[in-house]
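Q: For reference, the structure I am asking about is given below.
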Amino acid sequence: MSIAKADFWSIVMKHLRYKLKAYRGIFTSMIIVQVVALLLSLGSTGGAVGSSSVGYTFEVNGYSGNLILVFTMIWSFMTAIVITTKAYRYNDFLMVSNRLTSQVSSILFLLITSITGALAAIGGEYLLRDLLILFQDANFVFEGSAPTLQGILGTCMYLIVFALMGYTSGMLVQYNQLFVVILPVSVIGIPLLISFIFGISFLFEDLFLFFLNETSILIFTMKFLLFILPLLCINLFAGNRIEVKMK
């Protein structure tokens, strides 16, 4: 009698296919979130100026699709937290698996959802333009060119960063419930206190500038890898120590 040795990546891909089918409601929630952001963006989000004189008046309103991207980032962060809960993690053990295959398949799932969300957010900005042309009785001047490969990659990386931040937060909370308090205090409370006392910039501001001020896609990618690699290590560390369902 022979013993078939399960291949690691074949198990991971089976888990990934299962999650893409079982968690399709996550993509539905993405659509809902982006539609809400799109509707809110139909109102002027970029400020307004106006003037009047004898015989004429004019008003200039600014519109932006940035709100769609912001809402998608929040969705990506919250989705990543949700799939770290016990109800989702225990689904992995319906099939042949271990902690590592479960972790890798979950991270790959987040990569797919992040890329999908990024592409949908980019498309949503152009849908916003079409809706403004159709339903607003005004003349429009659109700034910016068609999305470049660098812009698309950058947007995908932003979504991946938020997803991994959410996943890491969720894994740490599952590892120890004290992180429910530790994470907000250390990430938000302490930096705000230091900023208030010493008058230095807030941590999140530096974090965004760390990425936003970069114009080179190569250096941006290096910063991206520098940021996510520690998160992946933390996930592996926490995941290996979380109590799993006994078969």
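Cβ coordinates are placed from backbone N, Cα and C, and glycine is handled just like the others.
Look at TrEMBL and you will find 21-43, 63-83, 104-128, 148-167, 179-204, 216-238 tagged as transmembrane segment.
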Q: Counting CB pairs under 8 Å, which listed stretch among 21-43, 63-83, 216-238 touches the transmembrane segment (104-128) the most?
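A: Of the candidates 21-43, 63-83, 216-238, 63-83 scores highest.
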Q: State the residues, same chain only, that lie 6 or more residues beyond the ends of the transmembrane segment (216-238) and have a CB under 8 A from a CB inside it; answer 'none' if no residue qualifies.
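A: Non-local partners: 100, 103, 107, 150, 153-154, 157, 160-161, 164-165, 167-168, 171-172, 174-175, 210.
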